[in-house]
Amino acid sequence: MCGIIGVVGKSDVNLQLYDGLTLLQHRGQDAAGIVTCDDDRLNQQKANGLVRDVFRARHMERLKGNFGIGHVRYPTAGSSGPALAQPFYVNSPYGIAMAHNGNLTNMREVVDEIFQQDLRHINTDSDSEVLLNVFAHELHKLHKLQPKADDIFTAMRGVHKRVRGAYACVALIVGYGIVAFRDPNGIRPLVYGKRETEKGTEYMVASESVALDVLGYTLVRDVAPGEAIYIELDGTVHSEQCAGDPYLTPCIFEHVYFARPDSIMDGVSVHKARLRQGEHLADKILRLCPDHDVDVVIPIPDSARTAGQTVAHRLGVKFREGMVKNRYIGRTFIMPGQRQRKKSVRQKLNAIELEFRGKNVLLVDDSIVRGTTCKQIIQMARDAGAAKVYFASAAPAVKYPNVYGIDMPSANELVAHGRTTEEICAEIGADWLIYQDLEDLVLSSSSGNQKIDRFDCSVFDGNYITRDVDDQYLDDLHTARNDEAKRKKVDTSAL
Ligand SMILES: O=P(O)(O)OC[C@H]1O[C@H](OP(=O)(O)OP(=O)(O)O)[C@H](O)[C@@H]1O
Ligand SMILES: NC(=O)CC[C@H](N)C(=O)O
Ligand SMILES: [Mg+2]
């Protein structure tokens with residue numbers, strides 16, 4: 001999962017982009033980058049690290065220009081070296097920079113086409129660089145000295161015909177403006193908004209509405225699946241549906257874990273979706289165990305705080321923040337290696353003993369993926385003197401790899417893969433384990449927007465909505481990106 005942002009402003013946009021990226025930091029902690037355009041010059045700063053580490057005052061001073069784009073990266077393709085930090089840039093045609101959230105599922109065949117037919121060079125193993133080159137080639141083909149909105153939309157139609165997978169993107173065209181687009185299923189989120197200033201209207205495109213809110217923009221709407229929105233430098237906004245067969249199928253894991261609760265995605269309040277997840281989960285607990293002996297519900301911060309509240313309320317038991325989070329440690333699940341993830345959980349969370357001693361505690365987390373967090377936390381609860389430790393997951397068991405922008409490439413790294421609930425319970429050391437049912441998870445999200453009748457739930461049910469994800473694809477993905485392979489991978493991309 002990555003975070004992307006773009007601004008067409010009326011004065012320097014560097015600070016807005018920086019602030020916006022810090023608001024999207026939870027979507028990617030590996031690298032960050034900003035590209036701005038000042039007259040016909042691009043200014044760029046990108047590197048590995050958190051936003052606050054990548055941009056120094058001297059960089060910010062250099063990032064002049066009234067329009068620009070930014071990216072925070074969580075790698076899902078290629079290595080995590082500095083050469084794969086985004087935005088990417090191509091000089092022809094016009095000079096284009098692009099930031100991408102998602103993952104292409106037919107990258108290999110597109111790379112071949114790019115070399116053999118388009119005669120273009122790709123310098124990294126990033127799918128995002130591939131996507132940028134496809135867009136650039138489709139635009140180049142039109143041979144327009146000055147591209148118009150129609151040309152950009154024609155190029156976009158060409159892009160949708162060639163690439164598959166998840167892609168929510170923002171591209172900057174030197175001298176012209178920014179283009180925001182979403183794949184035909186709208187798997188990854190993208191919104192745009194505007195704000196009035198004394199100098200005129202400014203526009204922002206971002207992965208999550210929280211960036212708009214905090215920076216004083218009003219949400220206009222989500223970019224529709226398959227749609228492209230072109231915002232010219234004078235503020236003229238053009239939009240067009242560029243995909244043949246668009247069908248909104250957003251990733252439900254955004255609502256479970258990735259997104260901030262204060263974001264609204266495709267009309268669904270993430271906060272409300274999580275509240276409903278907690279209610280459904282409590283109902284299931286009451287169905288299966290009407291005489292439960294839970295004394296206290298303790299959420300695993302941060303992401304399970306919202307659902308934990310409604311679980312406790314519905315069960316009619318106390319809700320206590322018994323796990324304290326070190327606010328200086330980032331998200332553990334999106335860290336690259338298992339060793340780092342394990343260490344971070346212990347550094348990140350600590351139990352308040354008095355909330356555990358002698359009590360039957362129900363720990364609630366949003367999801368169990370590799371089992372790194374829950375295993376350690378259950379042990380911490382026992383060390384703190386809990387009588388019984390029950391564990392509830394607001395999402396169903398994560399059993400299948402993700403191919404659309406979440407780095408879960410290997411089924412056998414998932415604690416639930418090939419195990420029954422009882423076996424997982426034993427593996428993580430809980431006294432009882434309960435998972436949300438998939439239909440209840442879907443209901444939690446869909447009741448926020450009745451118009452969405454399909455979600456990408458592939459990590460729960462193994463149904464991939466784009467056609468090229470078959471066993472061969474999943475085998476290749478596992479070979480390329482399992483934890484061990486990633487550890488061994490030497491970054492040779494920065495040649
Ligand atoms: O089973 P696992 O592989 O451990 O993954 C699941 C855990 O990882 C995430 O937390 P994370 O620490 O990334 O972020 P958070 O603070 O937003 O909850 C998620 O919220 C679960 O707690
Ligand atoms: N998580 C993402 O959206 C990743 C974007 C892109 N596939 C990369 O690896 O950089
Ligand atoms: Mg968590």
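Cβ atoms here come from the backbone N, Cα and C positions, even for glycine.
Take the Mg(2+) site that TrEMBL assigns to D365, D366: the candidate from S303, S444, S445 listed for it is S303.
Candidate recorded positions: C2, S303, D365, D366. Those with a Cβ under 6 Å from ligand 1, in sequence order, are S303, D365, D366. Each residue in V256, Y257, P299, I300, D302, A304, A307, V364, S367, S393, A394, A395 lies on the same chain as S303, D365, D366 and has a C-beta within 8 Å of the C-beta centroid of that Mg(2+) site, without being one of the site residues.
Under 6 Å, Cβ to nearest atom of ligand 2: this is the test, and of the recorded positions C2, S303, D365 it is passed by C2. Most Cβ neighbours within 10 Å among the binding-site residues D365, D366: this distinction goes to D366.
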